[in-house]
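Quick notes on the structure that follows.
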Amino acid sequence: MGIENGNGHYVKLPNRDSSQCDSVQPELQLKDQKNCYRIWWWIKAAVISLFLIGAGAVILFFGGPLVINKVIVPIIEWQEATFSRPVLAIVLFTCIALFPSFLLPSSPCMWTAGMAFGYGYGFLIITGAISIGVSLPYFIGSLFHQRLHAWLEKWPKQAAIVRLAGEGDWFHQFRAVVLLRISPFPYIVFNYASVATNVKYCPYIVGSMVGTIHETFITIYTGKLIYSLAEATNQGSFLTLDQIIYNVVGFTIAATSTAAITIYAKKALQRLQLEEEHN
């Protein structure tokens, strides 16, 4: 398209529609590529998940009874023959309280507490022991504050997350500790690393106790599930229909709640980190 200028010549005007189309087309192509990539990612995730579930079911079906018969049942029998209930409670309490100080996992002891004492006394034993288990590393770590601070500097990304616990007022520190406890951040590492953040002990211990409630109930449930499977296997029978339904529903609720809490904690920590950066 052109118009006549003053000299009798035609001047060609740019085609606006074509230039707009040229700019829109790459955007549409990029959007289509992103959508295709997203769909392909979900397909791969679904296939991998189905494969892992199938492999886990096969291993559980064939290997589960063998492990229960050869490992779990003998341990339960030895435990019942060796310790009375009061002595077992003291042993479990001591192990759960001291293991984190030596960077050892205390989950097996929590499972055992769930097997032997259930939700009532088991919860009291585990909760009381956890209060000591998170306090000892805090006070021990305070003796090596400078070394822990230098150690954190080697991992700046993780250090930035941990340092959220030492910022702000009491409630801010409490909230950060709770989120770190329910997030995938390593439980034992945070016990010592928290000292380098200058978090106060009161929000640290209260936040730790609140943040570990969900984990405590999950470990007790896992212990009871292991015990019911071991009992059924040892008697040469299988779980009743009621037990199967109860365990399947319980496991689904436990897995779903754990995933939901973990995702929420990660997002909340990211928001908290952004708030700190803006401030």
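In case you wondered, yes, glycine gets a Cβ from its N, Cα and C as well.
According to TrEMBL, the features are:
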TRANSMEM  39-63  transmembrane segment
TRANSMEM  83-104  transmembrane segment
DOMAIN    104-224  domain 'VTT'
TRANSMEM  116-140  transmembrane segment
TRANSMEM  244-265  transmembrane segment
Residue numbers, six or more beyond the limits of the transmembrane segment (244-265), whose CB comes under 8 Å of its CB atoms: 179-180, 182-184, 214, 218, 221-222, 225, 228
Reported mean pLDDT - the domain 'VTT' (104-224): 86
